[in-house]
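Below is one structure; the comments refer to it alone.
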Amino acid sequence: MFKMPPQKDPDKFFMSISNGENKQFDYLRALYEGCIAGGVAGVAVEAALYPIDTIKTRLQVARAGLKIDFKGLYSGLAVNLAGSLPASAIFIGVYEPAKQKLLEIFPENLNALAHIAAGAIGGAASSLVRVPTEVVKQRIQTGQFKSTSSAVRLIIASEGFKGLFAGYGSFLLRDLPFDALELCIYEQLRIGYKVAAKRDLNDPENAMIGAFAAAITGAVTTPLDVIKTRLMVQGTQKHYNGICDCVRTIVKEEGANALFKGIGPRVLWIGIGGSIFFGVLEKTKKVLAQRNPQTDAEK
C-alpha cells in the first residue's frame, strides 16, 4: 500500500482526473461521467477481445477428453455488447462517487480499503445486468442456443425467470473479489506512480498499469471463474448442486488442476482488456472534463 507524502494534497492523487485542490467534489457529475466513461470502455473491451473470451469459456466447460470447437468465436457478441454497455456504465458510475465518499471516511493510510469497498459496491450494483448477460452469452458460446432471443425465451420457459440468474452466487463470489482487487491494485499503482513521477499519468501509462492490475487479478481469481462458468452453463442438467458441490465434483472427477482451466486465455484476455478498459476510461473522463470546464469553476 502506498502512503501519500504529507505535503501533497491527497485529492490530487485520489482522483482519476485532477479536480484541483480544496474543491468540493461533485458526486452527480462523477456518476454521470462515470456512466459514460464506463460504458464506452466496457464496449471497447468486449468488441475487441470477445473471441478470446469464447475460447476461455469453452475450455472451462469442456470435460475431460472433449475437444474444443474453435468455430463461431463471435457467437453471443450482440447480447454481450447490449449488456456490457449498461453494466459497465453502472459499475463505474457507482464506483467513482462511492470511492470519493469512502476516501472522506477512511484515514489516509487506509485509502486502499476505500478502493476495495468501492469496487465491491460497484460490482454488486452492476451484477443485476451482468449476470443475465453472462448467462445468455455463455449458453450461446457453448452452442446451446443460436440466438439471443431464442436463448432468453427457452431459458425462461425451461428454468423460469430465475434461470437468467443461474450461478448468481458464484458470479458474486468471483466478481466482487475481482472488482475490488483489480481496482485497488490499479488505484494504488496510480497513486504510487504519481508520487514517484510527480506528475499525472499519460494514456500509455494508464493502459500499462491497467493491464498489470487486470492480469494479476485474473490469474488469482481463475478458480472462481471456472466454478461460475460451470454453474451458469449447466442449465437443467444440474451436474452440480451449488458452489461447494461444484468444487468437490471438479476436483474429484478432473483433479485440482481443472480449477485453473482456461487460465492462459483468461489472463491474456483480461490483461489486454484491462489495458483497453482503463486506457479508454481515463481518456474518456479527460475528454468529458475538458468539455465541462465551467463545472470545475463552480465547485
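Keep in mind that glycine also has a Cβ here, set from the backbone N, Cα and C atoms.
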Matching 206-224, 263-281 to TrEMBL annotations, transmembrane segment lands on 263-281
Chain residues in Cβ proximity to the transmembrane segment (112-131) (below 8 Å; excluding those fewer than six residues from its ends, i.e. six or more beyond): 1, 83, 86-88, 90-95, 98-99, 102-103, 105-106, 164-165, 167-168, 171-172, 175-184, 187-188
If you average pLDDT over the repeat 'Solcar' (29-101), what do you get? 84
Outside the transmembrane segment (263-281), six or more residues from its ends: residues with CB under 8 Å to it: 16, 37-38, 40-42, 44-45, 48-49, 52-53, 55-56, 59, 92, 182, 186, 203-204, 206-215, 217-219, 222, 225
So what's near the transmembrane segment (151-173) in sequence-distant terms, Cβ-Cβ under 8 Å and 6+ beyond its ends? 79, 123-124, 127, 130-132, 134-136, 139-140, 144-145, 224, 227-229, 231-232, 234-236, 242-243, 246
